[in-house]
Amino acid sequence: MAMEARRSMCLADDADPSEISRSERNAGADEEGVYLMDATYEKDFTVRNSGKSFFLVWKVMQICYQLLGIGKQATQREIFYNILSTSSSYITSQNQVNSAIQDAVAVLLCTRRSLGILASSKGAVVGRLVIKEHGGDTVDCSNLGSSSYPISADMNMKQHFYSDARYILVIEKDAIFQRLVEERFFLKVPCIIMTAKGFPDLASRALLHRLHQEFPSMLIFALVDWNPAGLAIICTYRFGSIRMGLEAPRYVCDVKWLGLRNRDALTYVPATAFTSLTDRDMTQARSLLASKMLQNHKQYKQEILEMLTFGQKAEIEALYAHGYEFLAKFITKKIVRQDFI
């Protein structure tokens, strides 16, 4: 089966409803992100707890059927409590429900959005973006003062977007995001600024993907800590994640790594601001080096190798050693010089 055919399986009406394997072994990667190949798997119900996982998949389908019947939506957390209140002997954690949802998506070859499942959101957006809500209200994200616009959990995204920005700036940390909001950075550099406040949730990724579709000429830049977790965040936006299964290619964007990078850290971060890589950091770094998605990205791999060689990491806040105004100047300079990968 050709790669494009594999990627369109979730849209095929006559596709085989076998469950697609979401394992690393069944994953591929290219410039457009990670994707699943055509291997399937079966669950052996003679194995302990397999019956429970089978029940949870059908329970999720039942709840989704009810949601669609009444035109409502629910978050994964709400589905968890729904099952907990009616079938508590089959469930012990949210992760079980999350996995069952992905199993349902894989069996039905559809998206969670089409099943009426909302993505819990923790992200925010601000800057040169006007959002016209489905109900008719209009929000100018440049006039929100010190606040910001919360990213909607509804991935149907019936809003209309308008913008005169040239860039989208994705910020790893809420504290850095708030600093740029306070300085109204988007008035100095025409941009939209968004954050998922750490590792990107699905709703934030969906919004970024929608903005990329609406404004394809806008360059998307990411500002993250100089550590393996920072690169993992960029990779999630850029390539998707295997655990998302067939949905993975739907939320990826061509995100450029603006900073912090090795040269930035060694140039601007004081020696006292570095901290040693932890065992977890090194494990994550080696996992990234071995991942299929980075096999053709030598610059990303080189950054990871330099982190491991140096044995230390740095946070964006270390730039404040040069004054609170330095952050905006640092970002502007890198954009103007096209210093990104």
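Residue numbering: from 1, along the chain as shown.
The backbone N, Cα and C atoms fix where each Cβ goes, and this holds for glycine too.
TrEMBL does not curate its annotations; it predicts them automatically.
The feature region 'Disordered' is assigned by TrEMBL to 1-26.
Secondary structure by DSSP for the domain 'Spo11/DNA topoisomerase VI subunit A N-terminal' (53-117): 50 helix, 3 strand, 12 coil. Among the features that TrEMBL reports, domain 'Spo11/DNA topoisomerase VI subunit A N-terminal' is placed at 53-117.
Within 10 Å of the C-beta atom of Tyr81 (active site, O-(5'-phospho-DNA)-tyrosine intermediate) sit 14 other C-beta atoms, taking all shown protein chains into account. The annotation active site, O-(5'-phospho-DNA)-tyrosine intermediate is assigned in TrEMBL to Tyr81.
For 167-335, the entry in TrEMBL reads domain 'Topoisomerase 6 subunit A/Spo11 TOPRIM'.
Summarising model confidence by region, the domain 'Topoisomerase 6 subunit A/Spo11 TOPRIM' (167-335) averages a pLDDT of 93.
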